[in-house]
C-alpha cells in the first residue's frame, strides 16, 4: 500500500504565525524577511541558522549521496525535531512570527529522501505524533503562503544564490529536485485543505515588493489583531 500524501488531522486552534513555504530556492527567506518589515513587532524564524554546524554537515552529506541510507534519515529527523521545537516555542508570541518553511513540508522531503521502508515508517509515526501535538496544542498558522513557479525559475534561483553544497552536487541531485518539484505545490495545497489552514498561492516569479503587497492584502482581509505598517 502506498503511503498517502495527505495527513488526516483537523486543527483545534490558530497560532499567531505565518508560514512561507514552497520549492527550494523560490525565495521563502527573502519574502519572510520582507513581511517582517511590515508586521509590527514580528520576527522571522529561519530554516537554516549560520551557527548550526550540525545542520550544515547533515545537509552536505545528504546532497553528496555517498551514504544517503545513513545521512538522509539523520538529516530529516534532525530538521523535523528542530523545526517543531522552534514552532512550539515561537508560534504564539504576542506579536506575529513568520516561519521559513514548516514541519508539514518536512514530511515531503523525508518521503523523497528516506528510501528504507522501515525507517520511513518510523519517521512517519514520529511525524504524525508531532503534528498532532502541533495542531491541537500549539495551533496551525494563521496563513500559509505558498510560493509557486516553473522549473526554469528553480534552476535560475538555485544557481543565482550560489550555495556551494547545492551547486557542487547539482548533477547528483537533479532527479531528486525534479521529483520534488513535480509534487511540491500540490502537496502543500493538499496539506492546507486537509488541516484547514488558510493559504494563498503566489507566483514566485514576481518582485519581492509585489509578493509582499499581495500577502499583506490577504492578511488585512483576515482581520487579525496584527499591526501592518
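Including glycine, each Cβ sits where the backbone N, Cα and C put it.
These features come from Swiss-Prot:
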BINDING   22, 23, 24, 25, 26, 27, 28, 29  ATP binding site
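All features noted in Swiss-Prot, drawn onto the structure.
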| residue | record | contacts (Cβ under 8 Å, 6+ apart) |
| --- | --- | --- |
| 22 | ATP binding site | 28, 145, 146, 147, 148, 149, 184, 185, 188, 204 |
| 23 | ATP binding site | 147, 148, 149, 154, 180, 181, 184, 185 |
| 24 | ATP binding site | 154, 158, 177, 180 |
| 25 | ATP binding site | 154, 157, 158, 161 |
| 26 | ATP binding site | 147, 148, 149, 153, 154, 157, 204 |
| 27 | ATP binding site | 147, 157, 204, 208, 211 |
| 29 | ATP binding site | 20, 44, 46, 47, 100 |
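Note: the ATP site is recorded as 22, 23, 24, 25, 26, 27, 28, 29; in the same chain, 147, 157, 204 also have Cβ atoms within 8 Å of that site's Cβ centroid. Within 10 Å of the C-beta of residue 28 (ATP binding site) we count 24 further C-beta atoms, all protein chains included. Reduced to three states, the DSSP call for residue 22 (ATP binding site) is strand.
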